[in-house]
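Q: Before I ask anything, let me first share the structure, which is written out below as structure tokens.
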Amino acid sequence: MATSNLLKNKGSLQFEDKWDFMRPIVLKLLRQESVTKQQWFDLFSDVHAVCLWDDKGSSKIHQALKEDILEFIKQAQARVLSHQDDTALLKAYIVEWRKFFTQCDILPKPFCQLEVTLLGKQSSNKKSNMEDSIVRKLMLDTWNESIFSNIKNRLQDSAMKLVHAERLGEAFDSQLVIGVRESYVNLCSNPEDKLQIYRDNFEKAYLDSTERFYRTQAPSYLQQNGVQNYMKYADAKLKEEEKRALRYLETRRECNSVEALMECCVNALVTSFKETILAECQGMIKRNETEKLHLMFSLMDKVPGGIEPMLKDLEEHIISAGLADMVAAAETITTDSEKYVEQLLTLFNRFSKLVKEAFQDDPRFLTARDKAYKAVVNDATIFKLELPLKQKGVGLKTQPESKCPELLANYCDMLLRKTPLSKKLTSEEIEAKLKEVLLVLKYVQNKDVFMRYHKAHLTRRLILDISADSEIEENMVEWLREVGMPADYVNKLARMFQDIKVSEDLNQAFKEMHKNNKLALPADSVNIKILNAGAWSRSSEKVFVSLPTELEDLIPEVEEFYKKNHSGRKLHWHHLMSNGIITFKNEVGQYDLEVTTFQLAVLFAWNQRPREKISFENLKLATELPDAELRRTLWSLVAFPKLKRQVLLYDPQVNSPKDFTEGTLFSVNQDFSLIKNAKVQKRGKINLIGRLQLTTERMREEENEGIVQLRILRTQEAIIQIMKMRKKISNAQLQTELVEILKNMFLPQKKMIKEQIEWLIEHKYIRRDEADINTFIYMA
């Protein structure tokens, strides 16, 4: 029944019958006049009915809407154009636009059925997307084609004039510019690029006017106020323009207007004057003007290639200022390793503070600081270390190196050994200073030299039992591991401590075994150290010395005891590394002397004849020491710096041990005593070992040469390692990778790299590519 009634009334559902009822509601909506709820619902149902029952109803509605919308817009245009003043025109346009744009969201809603019938879109239960509405598109396109296209240039120019006035300090209603921007942004109905109209017009005009403004203002300000004031001006204007851009330009995610504007401002304010600004950098760094440098940094960081010249200036300053300070203090630091390290740390802290305050610890500037500081640390201008290299009996000299690693090792020794310095410091202070050394060590190129000296000092401390703090000693080994020192080196240091601990247990067992035996020397007075040759790396050179009978008789007892517990192992006695305490008695008093085995052997020559004079020649026969070692040992007993009365006297007087002759006579000083505060002490103890090396001259030469030989082997190993992996590689790439592998030990010199490549080619480990002599190929 309902269906037949609907068919019966179909004639009343045509467009012509319904539009007269629909049109007044449409006009009310366009004019933002109120409509009743019933009128609103009727509009929905009438549109639906016409689209459903009138075959051409949808097209007719669309056309009628277009005519009414156009008429409404013409009226709005007339109201806008009635204003001749630019500001008044802007205000009028924005009022009309905002009213119209509000209706762009409301009017399309009742006409959703047009989407289905005209565009074939399927209806959805979801909320319709009004931005894609056919009626909304009609409204925006009509506004664009009529009013906007006619006055957009005036609108745009007026808005830009207001922005220009604001830049000059004049006040105005910012909503006028914002309103124009909103109009540009929302007018485009192109679904592919909804910001096209805005970008092609408003954004372009805004950027162009900004650039014109600063192309005029900036040069004038720079000329009148100078570079340093100009930097403040440029920085202030960039911040000001960014705030303005966030207010006047579109900021939605898919739009990059603000970024484009800032790039434009940077070009006009900074890039154009890049060279002029950068010319001030070097002077600012020298004067430590951190605030001004920070300002320059913030400006140049926005410019392509702006930072690199600043990095170069910083590097040059650190190197020149650092070396100048080192040269100025050369007289002190070359003789005092503590002062040397303090000087290096002072420089590091000074340059680090500059980088922090001026450049906010930017990684690029930290890298520049590190590179330049490394050059200072490794410079060989003030003092240098020359490592000799003997090949086929010919002594050669390698390129001089910085003595820094040796001095760092000496300073570590001062902190770790019982010295006046270590005694006045707490454990925490010693640890802090050692970590400062490790900080400097990070910049040392030839760490293998540090390793050699540090190990030599450690050997001496462990053998003589003169470590200030055994816990810190062992911590130092782990700290060296943490800073990237080679594992094989650190492991050997750890093994040295292990040997000392094992020796303590062995001594205890030896004393227990012989506590009731009568030895030439009581077991309690003997301290044996069994050291692993691989860890301690002692020279194969043995220095023979004729030992006192008491020691000679003890040696077989120790060997027999050791073999019972460790069969198959062989002991090699290193008298050079041994030491002991002897008692000196005379009419003045009784004194304990800490001496080396060589000093002991020399002094025991007088045991049976204390008042006789013995010639150099006879002492050589009695001790069987090599000439050089005997001279060195005698000099330590006749010219010990800390003694006012020496242990031995000699005649005739000479200036150095080299001047002793076969006939030089030596005798025990019967008036020997220890003097303290100008008073003779009847009892006391003195260490005569002093800084005597526990090595021979020849062994030190071997160690120096060993450093170079080890570098050669390490270089060859690294080249083979790279070639095995790469199979084929260019010379430049090979050198780069080689430095990377060896950097924790030493920096290989180009000459050495070239020589080892040639050696490997000669021995057929690698060959040159026939097509390119600078390319190498691995030969399995």
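Glycine is treated like the rest: Cβ placed from N, Cα and C.
Pulled the feature table from Swiss-Prot, pasting it below:
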{"type": "MOD_RES", "residues": "S34", "note": "phosphoserine"}
{"type": "MOD_RES", "residues": "T210", "note": "phosphothreonine"}
{"type": "DOMAIN", "residues": "711-772", "note": "domain 'Cullin neddylation'"}
{"type": "CROSSLNK", "residues": "K724", "note": "NEDD8 cross-link"}
Q: Give me the Cα-Cα distance between S34 (phosphoserine) and the residue listed as 'phosphothreonine', rounded to a whole Å.
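A: Distance (Cα to Cα, whole Å): 44 Å.
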Q: Looking only at S34, T210, the modified residues on record, which one has the least crowded Cβ, with the fewest other Cβ atoms within 10 Å?
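A: Counting other Cβ atoms within 10 Å of each of the modified residues S34, T210 gives the minimum at S34.
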Q: Where does T210 (phosphothreonine) sit by DSSP, helix, strand or coil?
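A: Helix, per DSSP.
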Q: Across the domain 'Cullin neddylation' (711-772), what does the pLDDT come to on average, as a whole number?
A: 85
Q: Which residue counts does DSSP yield for the domain 'Cullin neddylation' (711-772) in the helix, strand and coil classes, in that order?
A: 41 helix, 8 strand, 13 coil
Q: Do you know offhand how many angstrom separate the residue listed as 'NEDD8 cross-link' and the residue listed as 'phosphothreonine' by C-alpha?
A: 60
Q: Give the number of CB atoms, excluding that of the residue listed as 'NEDD8 cross-link' itself, located within 10 Å of its CB.
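A: The answer is 11 other Cβ atoms.
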Q: DSSP on S34 (phosphoserine), three-state: which is it?
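A: In the DSSP reduction, S34 (phosphoserine) maps to coil.
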